[in-house]
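First the structure, in the form of structure tokens, and then the observations on it.
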């Protein structure tokens, strides 16, 4: 079990690797930010529709998956209202920084949330077959890197300090081994539990993509944001 948790931890911490890449490259331009926001939206939609929801339906049925999906979307709606706005000054740049900072926190909450069922998926893979758990962990590690980058972009552009961005992505990544540990304890108890967790994560990610990522990517550069969205969905198709 220790080795399984270690592999899950490494997969989760790749989120912070994505943030570090952004930090070392410096604060991205509007075009790069637009591309990354669209890319993250594409990956989130692909993973939700092609992996999380089908698996949730298979484990718990359509009704259980639908309930989890609605709860996930409602959770992000509540967080959308609860996440405090940064102080908005009179200038357009201050408004833009406030929007970016809020969006970055929402992405952080969403990624931390969906890392839990991803950890559950890794645990389930190891329960079924060791090599399956490793394969799932590799796929999760790959898509966590651009998710970490997409988390760091709006936070940095919103004025959040680099060290705090790294700590936030580390925390979000550590939700993956937490999910794996929960999976080892609960996976054999209730398939409905896993089903709802998977679909809840899907609802949260699709809400974030539609309410925050896509509109903000269009606000920066419409066509570039769309290209990022398509590229992200394609990558998501390849890694699920």
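Placement of Cβ uses the backbone N, Cα and C atoms for every residue, glycine included.
These come from TrEMBL:
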type	residues	note
TRANSMEM	6-25	transmembrane segment
TRANSMEM	32-53	transmembrane segment
TRANSMEM	59-83	transmembrane segment
TRANSMEM	104-126	transmembrane segment
TRANSMEM	132-153	transmembrane segment
TRANSMEM	165-187	transmembrane segment
TRANSMEM	193-210	transmembrane segment
TRANSMEM	222-239	transmembrane segment
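The list of residues near the transmembrane segment (222-239) in space but at least 6 beyond its ends in sequence, with Cβ under 8 angstroms from a Cβ of it, reads 31, 34-47, 50, 139, 142-143, 146, 214.
Put simply, of 59-83, 132-153, 165-187, the stretch with the most CB pairs closer than 8 A to the transmembrane segment (32-53) is 132-153. Contact count against the transmembrane segment (6-25) (Cβ pairs under 8 Å) is highest for 132-153, out of 104-126, 132-153, 165-187.
Within its own chain, the transmembrane segment (132-153) is flanked in space by residues 4, 7-8, 10-12, 14-23, 28, 32-33, 36-37, 39-40, 43-44, 47, 104, 107-108, 111, 115, 118, 121-126, 165, 168-169, 172-173, 176, 213, 232, 235-236, 239-240, which lie at least six positions past its ends and keep a Cβ under 8 Å from the stretch.
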